[in-house]
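S.K.: Okay, handing you the structure first.
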Amino acid sequence: MSKSTAEIRQAFLDFFHSKGHQVVASSSLVPHNDPTLLFTNAGMNQFKDVFLGLDKRNYSRATTSQRCVRAGGKHNDLENVGYTARHHTFFEMLGNFSFGDYFKHDAIQFAWELLTSEKWFALPKERLWVTVYESDDEAYEIWEKEVGIPRERIIRIGDNKGAPYASDNFWQMGDTGPCGPCTEIFYDHGDHIWGGPPGSPEEDGDRYIEIWNIVFMQFNRQADGTMEPLPKPSVDTGMGLERIAAVLQHVNSNYDIDLFRTLIQAVAKVTGATDLSNKSLRVIADHIRSCAFLIADGVMPSNENRGYVLRRIIRRAVRHGNMLGAKETFFYKLVGPLIDVMGSAGEDLKRQQAQVEQVLKTEEEQFARTLERGLALLDEELAKLSGDTLDGETAFRLYDTYGFPVDLTADVCRERNIKVDEAGFEAAMEEQRRRAREASGFGADYNAMIRVDSASEFKGYDHLELNGKVTALFVDGKAVDAINAGQEAVVVLDQTPFYAESGGQVGDKGELKGANFSFAVEDTQKYGQAIGHIGKLAAGSLKVGDAVQADVDEARRARIRLNHSATHLMHAALRQVLGTHVSQKGSLVNDKVLRFDFSHNEAMKPEEIRAVEDLVNAQIRRNLPIETNIMDLEAAKAKGAMALFGEKYDERVRVLSMGDFSTELCGGTHASRTGDIGLFRIISESGTAAGVRRIEAVTGEGAIATVHADSDRLSEVAHLLKGDSNNLADKVRSVLERTRQLEKELQQLKEQAAAQESANLSSKAIDVNGVKLLVSELSGVEPKMLRTMVDDLKNQLGSTIIVLATVAEGKVSLIAGVSKDVTDRVKAGELIGMVAQQVGGKGGGRPDMAQAGGTDAAALPAALASVKGWVSAKLQ
């Protein structure tokens with residue numbers, strides 16, 4: 001009887017423990033103190049500093065069963081999971097490690113003993129093949145002369161990836177870090193499975209499967225590509241538990257091992273699925289492992305970094321559950337079966353079972369609200385698609401509005417042989433990021449570098465200019481005593497009217513000046529209790545201790561004040577119009593625009609946007625007083641003051657009230673009365689992620705400018721339509737009606753022309769073994785008319801096979817029609833596929849009708865010429 005996965009895991013650890021190895025527990029899936037890694041993706045991650053000589057352990061040999069996730073960054077297997085036999089988001093890596101202890105000889109001998117000894121895994125020796133790095137003669141000789149593997153089963157692999165050391169047999173965790181040559185062990189499943197040995201053209205087949213990678217850690221790769229010898233040569237090995245389990249349990253797919261069979265049955269039970277071969281069951285069985293263990297290790301679903309990868313995996317699983325027909329939340333119900341099947345490796349998960357289940361349930365419920373609508377939109381877009389690629393804007397809209405990660409959209413498209421324009425998606429994402437970034441040329445880098453022990457007193461609520469004294473100067477993050485003309489620096493004063501960026505409000509700009517100098521302030525930031533004025537000394541020199549006159553850019557500050565006060569009014573209005581679930585998730589207030597992120601699960605309707613706009617403007621017309629009070633935090637909360645997202649508050653807080661309409665904690669600068677704002681207009685509403693919406697708006701002169709711009713556009717349209725603003729709608733309706741009528745007439749003419757063309761074409765059909773064959777390239781015919789023409793020709797010709805093509809804007813459109821009495825011998829889908837392949841495209845359809853597209857118009861004549869021979873062979 002074959003070993004269970006749990007028994008295999010334990011046997012591996014027991015074997016290496018018997019060889020003097022310390023059994024070390026799996027580390028967290030979240031790498032500690034390693035910014036180069038998104039997730040733990042190999043057994044050696046927790047020993048990286050040991051290999052680098054930066055850390056010492058009280059053992060020189062170790063063995064682990066390490067939990068790993070590969071679903072983001074360099075090692076991203078997500079898109080393949082469920083569609084192949086061996087790709088997973090989560091897997092366990094069995095490993096043994098030597099830290100300056102044994103090296104190549106013992107590492108190879110240990111591996112061979114474990115794999116082939118009757119006491120352990122007892123694999124047939126003749127089924128094992130090995131590879132070595134091309135120049136690693138030492139490893140080659142150990143395998144040949146000491147282990148006794150025939151030369152024909154030892155394969156040297158060189159730099160096969162286009163660069164020095166870029167080889168399947170030279171291992172490196174990333175662009176930098178520990179690396180070295182490796183030897184890999186492969187298992188031959190037998191000649192009944194297609195595939196060739198490693199290094200052969202057929203190596204991607206499933207016959208020869210890598211089961212163990214033994215890395216001889218000799219170097220530390222630097223950022224410039226140089227290889228520095230490690231302090232002590234070491235060994236890092238990795239053997240996928242799921243892969244070796246498949247070998248030992250005599251199955252060819254990881255999803256057929258006992259662990260996955262149990263999980264797949266559990267998935268079928270909670271979703272109501274009956275076909276256990278359905279790939280969606282495999283996807284979900286894999287994904288519950290990564291999701292549950294990531295949450296147990298502290299990762300929460302979110303819209304950035306690790307949290308977003310987790311969210312993507314959860315949503316992919318939920319979508320596959322939807323495909324299986326799951327009628328209610330199901331994913332969280334798999335945590336219990338997972339704990340049971342993991343055995344001792346699931347103890348950490350068991351302790352956190354309740355929390356993991358709750359997080360999964362909440363996330364699934366949140367996504368379920370938009371999944372159906374998003375899938376309906378995607379189905380609609382795919383139905384309209386004429387080519388084989390979904391545009392990036394649509395993919396982004398699915399992400400932005402419905403929370404569809406692009407790989408989920410790609411999954412749906414993949415099932416229909418459609419690609420996704422991921423470059424277009426990234427362009428749309430980057431545009432959103434661009435809008436989200438505050439264009440500050442200073443500040444961010446300085447924040448990380450500067451440490452100021454002194455404090456600055458902010459007096460900008462009541463003053464826009466005052467005298468202060470320089471208490472510190474920083475250039476490139478380092479404290480200096482003086483600066484000269486042309487130098488960029490951070491100037492710290494004892495007191496200042498400049499507002500430092502905080503609570504979403506940008507820092508002030510302005511000037512620090514004296515008798516012999518002028519310092520242009522481009523930004524203002526906080527450094528602990530100090531306020532730093534960031535900019536450039538335009539003239540003269542400045543030193544610590546100098547007196548300065550600090551002048552804030554008054555006009556800019558005034559515009560910021562209006563925008564900030566309007567943000568408070570809008571927040572309160574959103575809660576009235578949409579509901580009290582609205583809470584602030586972030587904001588940006590500068591002199592040009594205000595941006596406000598808030599919790600809401602769907603795009604705002606036009607009437608909701610108008611209602612918010614009207615409500616804010618009503619408060620502006622009320623000319624409410626804007627008042628501030630300093631009070632205890634608890635008293636402010638009791639008063640109902642709303643706190644700002646992401647801010648920390650002292651025990652004494654500043655409470656800002658706008659009449660009876662809005663009360664918030666706020667340290668920003670504001671107008672005196674709401675009437676000062678003048679006018680408020682919303683210019684955009686969009687999503688930043690599922691459950692978070694973003695509004696951008698303008699006030700005062702900026703709002704008036706948008707009114708003028710709208711009026712100018714209306715005037716231009718009215719002029720073009722020879723009307724005026726009073727009858728513009730009627731004019732547009734008239735033009736649209738005339739356009740519809742002309743389009744209808746044009747369509748009728750096209751159909752008449754197509755019918756005439758069909759009549760002319762029918763005479764060109766030739767007889768092939770009793771069947772009429774018609775192949776023709778048409779010019780001036782719209783692709784969508786081809787189907788009508790094929791239907792007409794089939795009616796005219798009887799037993800027939802038809803292939804029509806047309807080229808428009810460099811793209812080939814193809815259609816094939818086969819009369820039903822011929823489809824047992826010739827299928828339209830196969831025929832069109834043969835032609836499409838020759839013109840750089842693909843397609844498909846029913847046996848009697850199929851369509852395709854292509855990009856190589858020059859190849860079309862030859863492709864059409866090949867139809868007669870292909871059809872003749874089929875009709876023989």
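Backbone N, Cα and C atoms are what each Cβ position is placed from, and that goes for glycine too.
Relevant sequence annotations retrieved from Swiss-Prot are reproduced here:
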type	residues	note
MOD_RES	K74	N6-acetyllysine
BINDING	H564, H568, C666, H670	Zn(2+) binding site
S.K.: Determine which residues of this chain, when H564, H568, C666, H670 are set aside, have a Cβ within 8 Å of the centroid of the Zn(2+) site's Cβ atoms, and list them as they appear in the sequence.
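M.R.: Nearby residues not in the site list: R561, S565, T567, I626, L656, E664, G668, T669.
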S.K.: Validating a neighbour-count step here. Other CB atoms within 10 A of the CB of H670 (Zn(2+) binding site): how many?
M.R.: 25
S.K.: Once the chains shown are all counted, how many other Cβ atoms turn up within 10 Å of the Cβ of H568 (Zn(2+) binding site)?
M.R.: 26
S.K.: What is the number of other Cβ atoms found within 10 Å of the Cβ of H564 (Zn(2+) binding site)?
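M.R.: Cβ-Cβ neighbours of H564 (Zn(2+) binding site) within 10 Å number 25.
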S.K.: Where does C666 (Zn(2+) binding site) sit in DSSP terms: helix, strand, or coil?
M.R.: coil
